[in-house]
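Undergrad: The structure's right below; bear with me while I get my questions together.
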């Protein structure tokens, strides 16, 4: 069910209260002199095209009270329409194009300047989703033992992947490096001739994605290693070609795309091509020739990380770096810059590659990370995530620790920050690596309908000295006055009074008769203020009362450098808030290494953690000598999930809070250096032992010691007597 905003009346009441700042009416105090300017002041401001006793730009209720007819009122409102809203699927069956993993699918939003609309996006990973797995291997000489091992692993890999999907396709490609100096040996001539190794090549596509596992093994057996001169390889060239050559590789639209990148070396990146005199940037296009070789290897530079990120996103590919331990830190850094990428440590002969791929795929499927494509500059988006426990996490657009079939939701606020040339823009929100997406079309409502009926050279404007638009005259250059009746240079003392009203708000809030003409920042010409130019910025307004440089500062910067000054008030950028925009809305800076906001021990205020748990401290409240440890917290899950008792069991919160998997074991074995062995005394005065362990996918497993050879349906007293040690 799609959650819609509250009724228009409630929404407008909230906005009206926001538009009254320090007792003043924002609509009448920002110097708006045209209908278009009025709409940009605040979402609650309306414009009246007929003569009224007050300002034409005012709150809607004030204009109606002043006698403005509804037909003369310009007051567009922001709207949200759901155009396509198919329900989420549970399982992929038959044609995967019918499987829906995101809801809704299409929205249309109409936004006034500085107004926003909030909508909810639901995401669910369906069961048995098809998988395309492309194995991209470094065939430099140091990977010879890995190649020999891979020849025997094809069927086993397909068998293990078959446990997660019944629709698997596998393909194969290989790379070394650019075949020219200084990346390869060119002297003496004998160096180019080698019967043991293949001549050096950049990238070659060997096998398109296929369901025939035997062909994968067959093609891998045909491969021979090559060699190159310098340590780094040209794998990033290969990644781009494997990603963008859809027809050659055979990526299916309705499948998960896994690109397995295996190497034991560093890799060349953009600008490294200059070592060989290559200056042409990588264009990110497919360049495989008739022999499926990368034809631009010696012509184009290596790709940048930004280009790889772009192509991974465009083609919905999850990149898995399967690399040996010496280069894991390097590729870990790369993965942090490329969304949807995971890193696994490859054994020296690739013997663990199957488990590595399974763990990486499980990790990919346990995380939903939202990304955006094509968001216009004039629009800002903010996300709130609601993951498994129902808690809303502000500023976060990802959820982890998920299982197949779990549903998560993201609340998205879209705010118009300006008016683009094209009033209609479209952008996409999608989970990383998914083909499913939400397409959002935004119409920026920046102009008044009455502008379409403007009269050029109107007789109303002093016989053609201006354009009559929305009830006012827009005078030609050199003409001034409400009806363009004045020429610059004309002077009348009676018109001087129009430039200084007793109730005028002066600069700094000055009021009363003492307020200067045109606020002291302009000249009164024909009863209208002509504002002076300023070296500090722009001055405007009916009485030159507004500018873009007199706002609160923080650390010497106007609006803290995180917003724009508009007539004395800071208009903050989307990630900032506060009177001077010095308070960050972001919460990712408060996330602990375990993915918890302030480690669950505090609140994120202005982008920093304020620890509320007694004894907690640190940037993310992660340090707390007096707080319950992992054993104390997980003990409750052992009690409720295994023994069906305890506080969590009694209040029916066990399933929601404890997502751990329980495994009964004869004894606690070593699983990982980060595994924690725990011991506690239960309510029967028995000693219970368990181990808390998180696997590579982030899944929590609790290994609970059982009694060897005993019937576990016996009473606790009986079990304790025979198997547990008393303190």
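Cβ atoms here come from the backbone N, Cα and C positions, even for glycine.
Automated prediction, rather than curation, is the source of TrEMBL annotations.
Taken from TrEMBL, the feature disulfide bond covers 48-57, 387-399, 446-450, 470-518, 524-529, 531-544, 546-551, 567-598, 583-590, 606-654, 624-627, 658-686 (among others). According to TrEMBL, the domain 'Integrin beta subunit VWA' annotation covers 34-448. Summarising the annotation, TrEMBL assigns domain 'Integrin beta subunit tail' to 631-711.
Help me understand the surroundings of these features in the structure.
TA: Packing around residue 57 (disulfide bond) is summarised by its Cβ count: 28 other Cβ atoms lie within 10 angstroms of its Cβ, all protein chains included.
Listed in sequence order, the residues of the same chain lying 6 or more apart from residue 399 (disulfide bond) and placing their CB within less than 8 Å of its CB are 367, 368, 385, 387, 388, 408. In this structure, residue 399 (disulfide bond) is part of a beta strand by DSSP.
Taking a C-beta cut-off of under 8 angstroms and a sequence separation of 6 or more, residue 446 (disulfide bond) has the following same-chain neighbours: 36, 39, 40, 112, 113, 419, 423.
In the three-state DSSP assignment, the secondary structure recorded for residue 470 (disulfide bond) is coil.
According to its DSSP assignment, residue 529 (disulfide bond) is in a strand.
The Cβ of residue 531 (disulfide bond) lies under 8 Å from the Cβ of 518, 521, 522, 539, 540, 541, 544, each of which sits 6+ residues away along the same chain.
In the three-state DSSP classification, residue 546 (disulfide bond) falls within a strand. The 10 Å shell around the Cβ of residue 546 (disulfide bond) contains 24 further Cβ atoms across the protein chains shown.
Classification of residue 567 (disulfide bond) by DSSP places it in coil, neither helical nor stranded.
Sequence-distant contacts of residue 583 (disulfide bond), defined as residues of its own chain at least six apart whose C-beta falls under 8 angstroms from its C-beta, comprise 576, 577, 605, 606, 607.
When Cβ atoms from all protein chains are considered, those within 10 Å of residue 606 (disulfide bond) total 15, not counting its own.
In the structure as shown, the Cβ atom of residue 627 (disulfide bond) sits within 10 Å of 17 other Cβ atoms.
Just so you know, the Cβ of residue 686 (disulfide bond) picks up 18 other Cβ atoms within 10 Å once every protein chain is counted. Annotation note: residue 686 (disulfide bond) sits in a coil segment as assigned by DSSP.
Each residue of the domain 'Integrin beta subunit tail' (631-711) gets a DSSP state, and the totals for helix, strand and coil are 19 helix, 25 strand, 37 coil.
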Undergrad: Helix, strand or coil: which one is residue 551 (disulfide bond) in, per DSSP?
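TA: The three-state answer is coil.
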Undergrad: Of the disulfide-bonded residues 546, 598, 624, which one has its Cα closest to the Cα of residue 658 (disulfide bond)?
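TA: When the Cα distances are compared, 598 comes out closest.
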Undergrad: Can you tell me the CA-to-CA distance separating residue 590 (disulfide bond) and residue 598 (disulfide bond), as a whole number of Å?
TA: 5
Undergrad: Whole-number Å distance between the CA of residue 529 (disulfide bond) and the CA of residue 654 (disulfide bond)?
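TA: The separation of the Cα atoms works out to 70 Å.
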Undergrad: List the same-chain residues at least 6 positions away in sequence whose Cβ sits under 8 Å from the Cβ of residue 654 (disulfide bond), in sequence order, or say none.
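TA: Within the chain, residue 654 (disulfide bond) has Cβ neighbours under 8 Å at 637, 640, 641, 648.
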Undergrad: Would you list, in sequence order, the disulfide-bonded residues among 48, 450, 470, 524, 567, 598 whose CA lies within 10 Å of the CA of residue 551 (disulfide bond)?
TA: 567
Undergrad: So what pLDDT does the domain 'Integrin beta subunit tail' (631-711) average out to?
TA: 77
Undergrad: Just checking the disulfide-bonded residues 470, 524, 567: which sit within 10 A of residue 48 (disulfide bond), CA to CA?
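TA: Close disulfide-bonded residues: 470.
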